[in-house]
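Pulled from Swiss-Prot, these are the features on record:
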| type | residues | note |
| --- | --- | --- |
| TRANSMEM | 22-42 | transmembrane segment |
| TRANSMEM | 60-80 | transmembrane segment |
| TRANSMEM | 95-112 | transmembrane segment |
| TRANSMEM | 113-133 | transmembrane segment |
| TRANSMEM | 145-165 | transmembrane segment |
| TRANSMEM | 194-214 | transmembrane segment |
| TRANSMEM | 224-244 | transmembrane segment |
| TRANSMEM | 257-277 | transmembrane segment |
| TRANSMEM | 284-303 | transmembrane segment |
| TRANSMEM | 351-371 | transmembrane segment |
| TRANSMEM | 391-411 | transmembrane segment |
| TRANSMEM | 436-456 | transmembrane segment |
Amino acid sequence: MLKIIIPTLMLIPLTWLSKNSMIWINTTAYSLLISFISLPLLSQFNENSLNMSLTFFSDPLSAPLLVLTTWLLPLMIMASQHHLSKEPLARKKLYITMLITLQTFLIMTFTATELIFFYILFEATLIPTLIIITRWGNQTERLNAGFYFLFYTLTGSLPLLIALTHIQNLTGSLNLLLIQYSTQTLPSSWSNAFLWLACMMAFMVKMPLYGLHLWLPKAHVEAPIAGSMVLAAILLKLGGYGMLRITMILNPLTSYMAYPFLMLSLWGMIMTSSICLRQTDLKSLIAYSSVSHMALVIVAVLIQTPWSYMGATALMIAHGLTSSVLFCLANSNYERTHSRTMILARGLQTLLPLMAMWWLLASLTNLALPPTINLVGELFVVMSSFSWSNITIILMGTNIIITALYSLYMLITTQRGKYTHHINNIKPSFTRENTLMALHLLPLLLLSLNPKIILGTLY
């Protein structure tokens, strides 16, 4: 793990010591190099102990998320170039430093062995994100969004710390590698029910569960492009990863404690998809679509079958890349038209034909068209939920139809129609932007050739 963590940390001196013209080139090139170094982790399995130590380890569940984290840093740096072009040099460097520290915290979170260590890093990721949102956001509402983000997440995760210390007293260890073998089955009592709630609530706020999701659209809409990308692609996955990790301690409580949350998620995914159909704000639409996709992951984790676990991990990776590319596209529109309102930026297909192709591909990926990896994840989740209860097929089917509807609605409102006259002199798309979209969409298409590397521990 150190072979990824130390190079990532060394990007910080690289940023501050690079000369003005070389900042973007250097950081992008070296962070891409780091993401290629992390790729061999995908093919190392549990029997291979080369990547285990007392503090860090990786297994088939954390490796895909780790690779996604490292892959996203160069893409975030590429996406931020335009909106930082007018900033002074020190501020550019500070921004990149924030992204790199966030990246380091995330890598350590995904590979932490100890649950308390995991918790500390889980909280530490809040600080760089908060600074990115409240310092470089576009409107003044960003402070409000930062408050929402911080207080929702902190309130959710305080009980987790208490629960973890209680589990430490109970079992004598919080080491993830040991705790798999030392867990006692928790008897059903009131205190254990609260223990379950305390453990799961932090991750459900982070996911976010429908009803606790109000911080997400706010944070997304106000964040700068890199903030939106990392929030959608990785910070939401922390919730799913934590749930997958902590449910193995909480057996057999989950089997009957999960019902209200399953209902909330199944209802919430339809509600948030329907909210998407009524959105005027492009970034807000993508944020709500994130909530509905993550609701599927919550359902999959709480059903607790091998198939649903595989579906959850596949869907997390797929959604990370998809929502990220949608935010990049929305940002490229925003940089040209200076408005996130969809009605004010219609008919862009005639002005940016190549961008229209990326829009089409991203929308089709979002509605889980084969051969993308989204389809693999959704199929696993739908089939496992159907075998858990037949009625869910109605809800899942409705959700899939509404997802297709709002994805196409987003595509048609931005690309088709007669373009408004105030945007007839916009710049064509840059090579940088096309590269950015290609680097998002290529993994999505290529992973479907070999999906087993992202199907998690149980494959």
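Glycine is no exception: its Cβ is also placed from the backbone N, Cα and C atoms.
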_Criterion met for the transmembrane segment (391-411) and the transmembrane segment (436-456) (at least three Cβ pairs under 8 Å)_ = no
*Determine which residues of the chain contact the transmembrane segment (224-244) at the Cβ level, with the cut-off under 8 Å and only residues 6 or more beyond its ends counted.*
61-62, 65, 68-69, 72, 75-77, 79-80, 83, 95, 99, 102, 106, 109-110, 118, 122, 125, 129, 132-133, 136-138, 200, 202-208, 216, 283, 286-287, 290, 294, 297-298, 301, 309, 312-313, 316, 319-321, 323-324, 327-328, 331, 456
_Are the transmembrane segment (284-303) and the transmembrane segment (194-214) close enough to be called in contact, which here means at least 3 C-beta pairs under 8 A that are separated by 6 or more residues?_
yes
*asked:* Contact between the transmembrane segment (60-80) and the transmembrane segment (194-214) is defined here as three or more C-beta pairs under 8 Å separated by at least 6 residues; is that satisfied?
replied: no
*Any residues 6+ beyond the ends of the transmembrane segment (22-42) with a Cβ under 8 Å from its own?*
3-4, 7-8, 11, 14-15, 51, 58, 63-64, 66-67, 70-71, 73-74, 77-78, 81, 89, 92-93, 96, 100, 103, 453-454
